Every structure is written in C-alpha cells, then in structure tokens.
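S.K.: Pulled these from TrEMBL:
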ACT_SITE  Ser235  active site, nucleophile
ACT_SITE  His300  active site
DOMAIN    1-28  domain 'EF-hand'
TRANSMEM  115-136  transmembrane segment
TRANSMEM  171-196  transmembrane segment
TRANSMEM  208-225  transmembrane segment
TRANSMEM  231-250  transmembrane segment
TRANSMEM  262-284  transmembrane segment
TRANSMEM  296-315  transmembrane segment
TRANSMEM  327-353  transmembrane segment
Amino acid sequence: LLSQFDPDNTGYISTEKFRSLLQRHGSELDPHKLEVLLALADSNSEGRICYQDFVNLMSNKRSNSFRQAILQGNRRLCSKALLEETGLSLSQRLIRHVAYETLPREIDRKWYYDSYTCCPPPWFMITITIVAFFLYNGVMLDRFVLQVTHPLYLKNALLYHPQLRAQAWRYLTYIFMHAGIEHLGLNVVLQLLVGVPLEMVHGAARISFVYVAGVVAGSLAVSVADMTAPVVGSSGGVYALVSAHLANIVMNWSGMKCQFKLLRMAVALICMSFEFGRAVWLRFHPSAYPPCPHPSFMAHLGGVMVGITLGVIILRNYEQRLQDQTLWWIFFSIYVIFVLFAIFWNIFAYSLLDLKLPPPP
C-alpha cells in the first residue's frame, strides 16, 4: 500500500502522505503501534518516512534509524500510560507487570506489551532450574543436594576441582551441584524471580549468554585467584543476571516504574550478601576432607563483574541489536581477553608457581 505513495520508488514517502494513510487505516492497527507510528511521523524533521521503518514496525523489528527517530518522538506520546489501562486479562496484566519490572521507557513497555506472544516461553531459565537441579540431583544422585560433608561431594563428576581442571566440562557443570540446601534454595529463588522476567523481555539467547558467561567467568576466576579450591553452585550465573538487573534499575532509576523498587533492591542485595557471606565463611571453615578446602567464593565475584559489564549493555538495549553497540564490543573484548588469560594461566601458572594442590578425589 505504501508503494502507491512512492511512485518514484525512492523508499520514502512524505510525512503528510504518511499521516493521511494512518488516518485512513488507523482503525485497523493496534493502538500501541498506531501511537508509535504517529510519534515517528511527529519526530521526523526531514519531512519523509522510510518505508523500511514501517515494515520493521509491522514485523516487530526496529532498525537504528527507527530507534533514533522514536527517541525524539517519545516526547510527543500523549495517550495514557500502559499502567493506567483497565479491563486486562490475567495474562495481559502479567505481561504488563514484567514490562514495568524490566524496561525503563514507556515506549518500550508498550512495544513489548504489544509484541509479546509467549512464543517461545522463557524455557532456558525454567529448564536450567528444574531439569538440571532437581531432575539430575534428585534422580541421578538420589538426593536434591550434596552437602560438603557428603561422601560423594568431591567424587562427583560435576564440580570444578583444581587437580581436574583439564576436564573442561567442569568449568560449566559445577553449577549443577550445591553446597547445602540453603545454597541451592537461594540460587533457585533468585534465578527464577529475576531470570524468568528478564528472559521474557530479552529472549533466551541474550539471557543464556549472560548466564553462561557468568558461569564461565566464575570458575575461571576461581582458577586464577583461589587456585587450590574447588567450586560448586550456580552463583556465577545467578549473580551475573541479578547484578545486571540491579545495575540497570540504578542507571534508569527515574524511568523504572516497578512497584516498591527500593524494597525489592534491598531484598535482592540482602539475599546476595547473605549467600556471599555464607560462602566466604564456608571457604575458611575447617574442611571435612583435609587437605582439600571448602568451595571458593570467587565465582560470585566473577558473575558480578560479568553482570555489570556485558549484562548491563544487553539489558539496557531492548530495541537495538548488540552488534551495533560500541561499548558492547569493548566489554566483550575484555571478557575474551580475560578468558584467554585464564586459559594460559591454567596451562602454565600452576606448574611455575609450584603450588601444593589438594589430592584428586
């Protein structure tokens, strides 16, 4: 239809013709999309609209040029906020709640509310929590958690152990084992309460990347900074997600309209501090299997560093592709350099430093 207003096939139409088209067919569009299109027309100073921007909008994609235009058009949005809409179903209220929990700008909340279809569902966080933790530990190990005093604790094929660092899968699989029911409980609660809404908004690919990057950074941080200790638990991935989410709230404090945001931040910080303090205490507590110490707490710090660097960039750019962000590439390069450094450290440093490692389990 737009091609009728562009006989010269330039890829653009004038804003006047675009407005007339919206007036004629606006009743056929979702009101949120119509509002965004009007904002796009109002913000355009060149007097023309890109046809591809219209196609991107209708297909739930946004280009950089569209993003730049809508940043200005956001000032002209005059209809009521999404939070004020009434008569919504339970699922619609849930989607709206998630939008206000995670997105700082009203235009993004409306965009997300209009385009979210729950297809696919937030499968990654649910799968990694239920299947990995409960099915593996419950069915395969015949128990939901392995205490650090359990005979199978060090003999488990999942945890990271400094003597077995050549077995590369352990840098990831250590997340499926926890040092006590309280360790497992706090990680599962934080993972579900924070991870599932984030995945609903940002998708499984981005959230799984932040989570896995935090997990890998956690085990590598242990291998570099706490070289004689094993590590268990999903704290690296969980802390990456939670710290990224909290940092995003702080950076966009005025735009975040989630209820009780200060209280929720305080609760999250208290839970994280409690779990981290417990990990520090456990690390220096006398081990049940000397000379092997208890698990390290450095994985928590590795996850936090990933969260406030890579994670923040991912969460604050809901509508723009990651590869378009210069800061993203800077932080990603730093992360890759750290991973390469840690790999070479694991290959050479242990023998050069002549450390006395605990015996293999």
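For all residues, glycine too, the Cβ spot is worked out from N, Cα and C.
Given the structure is predicted, the values throughout are model-derived calculations rather than measurements.
Surface or core, plus neighbours and distances: that's what I need for these features.
M.R.: Other Cβ atoms within 10 Å of the Cβ of His300 (active site), summed over all protein chains shown, number 26.
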S.K.: Do the transmembrane segment (327-353) and the transmembrane segment (208-225) share at least 3 Cβ pairs closer than 8 Å, excluding pairs fewer than 6 residues apart in sequence?
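M.R.: By the criterion, they touch.
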S.K.: What average pLDDT does the predicted model assign to the domain 'EF-hand' (1-28)?
M.R.: 68
S.K.: May I ask for the distance between Ser235 (active site, nucleophile) and His300 (active site), taken between their Cα atoms and rounded to an integer number of Å?
M.R.: 6
S.K.: For Ser235 (active site, nucleophile), what is the tally of other C-beta atoms lying within 10 angstroms of its C-beta?
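M.R.: Total other Cβ atoms inside 10 Å, all chains included: 32.
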S.K.: Same chain only, please: residues at least 6 beyond the ends of the transmembrane segment (231-250) with a C-beta under 8 Å from a C-beta of the stretch. Say none if there are none.
M.R.: 102, 104, 128, 133, 158-160, 174-179, 183-184, 187, 190-191, 194-195, 198, 207, 210-219, 222, 256, 258, 261, 265, 268-269, 272, 275-276, 279, 295-296, 298-300, 302-304, 306-308, 310-312, 314-316
